[in-house]
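Undergrad: TrEMBL feature annotations, pasted as is:
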type: DOMAIN; residues: 17-366; note: domain 'Orn/DAP/Arg decarboxylase 2 C-terminal'
type: DOMAIN; residues: 29-272; note: domain 'Orn/DAP/Arg decarboxylase 2 N-terminal'
type: MOD_RES; residues: K48; note: N6-(pyridoxal phosphate)lysine
type: ACT_SITE; residues: C339; note: active site, proton donor
Amino acid sequence: MFTQDTINRLKSAETPFYYYDLQLLDDTLKTCRTAADQYGYHVHYALKANFNPKVLQAIQSVGFGADCVSGNEVKASIQYGFSKDKVVFAGVGKTDREINAALDLDIFCFNVESVQELLVINDLAGAKGKKANVAIRINPNVDAHTHHFITTGLEENKFGVNVWQLPDVAFTLRNCANLNLIGIHFHIGSQITDLDAFKNLCTRVNELSDWFAEQGFNIKVLNVGGGLGVNYHSPDEDNIANFAAYFKVFNDFLQVKAGQEVHFELGRALVAQCASLIASVLYVKNGKKKNFLVLDAGMTELIRPMLYQAYHQIENLSQQLITTHNSQFTNYDVVGPICESTDCFRKDVELPESVRGDLIAIRTAGAYGEVMASHYNLRDQVQSVYSE
Ligand code: LLP
């Protein structure tokens, strides 16, 4: 819920922009940290969700590690103060240049996604006279019951190695003198709201952790990935994810052997609720069949609705200030200015009757929002405004 003061402040900035509530970010991070500390769990922040400098500073200041998926994310994490022994480099397509840079920075671990990648890291580490820590990303074939575009843990997905390939992985590891297997890694998908999916993940991790122990490997890290979902429908009432319930599932169902650490890679749940995309109404187009609100933000600023049919709550902040019991409500298709028919945030959104210049908030946009912005149609870089 935006206060009158905040709305007045937002009115003075040029739209479109992302508005960050840094207090909410802080509260979210502290809630997560407290819940994780209860079980001695290690949290790595998935930078891909949002690498806005203020967000990164806030996250590193609570002591989380960094989960990176490109050489530039690895560099950014270190630049923003994440400790290099808490930096993990994942991703299905790491280039030699990226691997070499990460080796030079002595990061904590590479999450490796194929046998061939093991061989490449072994060679590159050897050439530098180094030994690289690796964790094997295993595809657990657990259905996350989330949108199929953001499901990752099924055999049909490109990520990780499949269970039937593990004997080959074990053989390769025994023959790679420059690799040190420290962990097994999993990630079943994103925006997961049914915690049972994580219970099923625990069962698979337990079996695979036993298998590696039987093979004589000392698995120090059980990395169970990220994926905890947030409430896109009630961004005010339910603005901090239930971290306590999430970690409790792992405490109840994951078998942790002596000396093992449990690592998490959370992205969305840490940052989604702390930002909204703020846009202005450029034009109101009333038709016979449809009414359109044309905003000055579109798929170039927030692509989630167009790419994943994702729901984001849409509010007219200007009318919120003056809404009375007599206010008229109208259904609008809320669209952007981009030359694509899919450039629509949502159809048939019920809003107070809106006029040119009204300020619109598209909520829960802190994760996979600003980072997925593009310059399509030669659009300007989207700006950020902060609560303090
Ligand atoms: N670890 C790995 C290996 C991942 O691939 C991801 C996200 C995460 C951790 C963090 O997951 P989270 O806690 O944020 O769910 N752009 C899509 C989401 C893509 C997620 C990619 N991987 C969206 O806007 O919904």
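Cβ coordinates come from backbone N, Cα and C, glycine included.
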Undergrad: Measuring Cα to Cα, how far is C339 (active site, proton donor) from K48 (N6-(pyridoxal phosphate)lysine) in Å?
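TA: Counting only the Cα atoms, the answer is 27 Å.
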Undergrad: Whose Cβ, among the recorded positions K48, C339, has more other Cβ atoms within 10 Å than any of the rest?
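TA: Going through K48, C339 one by one, the largest Cβ count within 10 Å is at K48.
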Undergrad: Look up K48 (N6-(pyridoxal phosphate)lysine) in the DSSP assignment and reduce it to helix, strand or coil.
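TA: DSSP call for K48 (N6-(pyridoxal phosphate)lysine): helix.
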Undergrad: When the pLDDT values for the domain 'Orn/DAP/Arg decarboxylase 2 C-terminal' (17-366) are averaged, what is the result?
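TA: Overall, the domain 'Orn/DAP/Arg decarboxylase 2 C-terminal' (17-366) comes to a mean pLDDT of 95.
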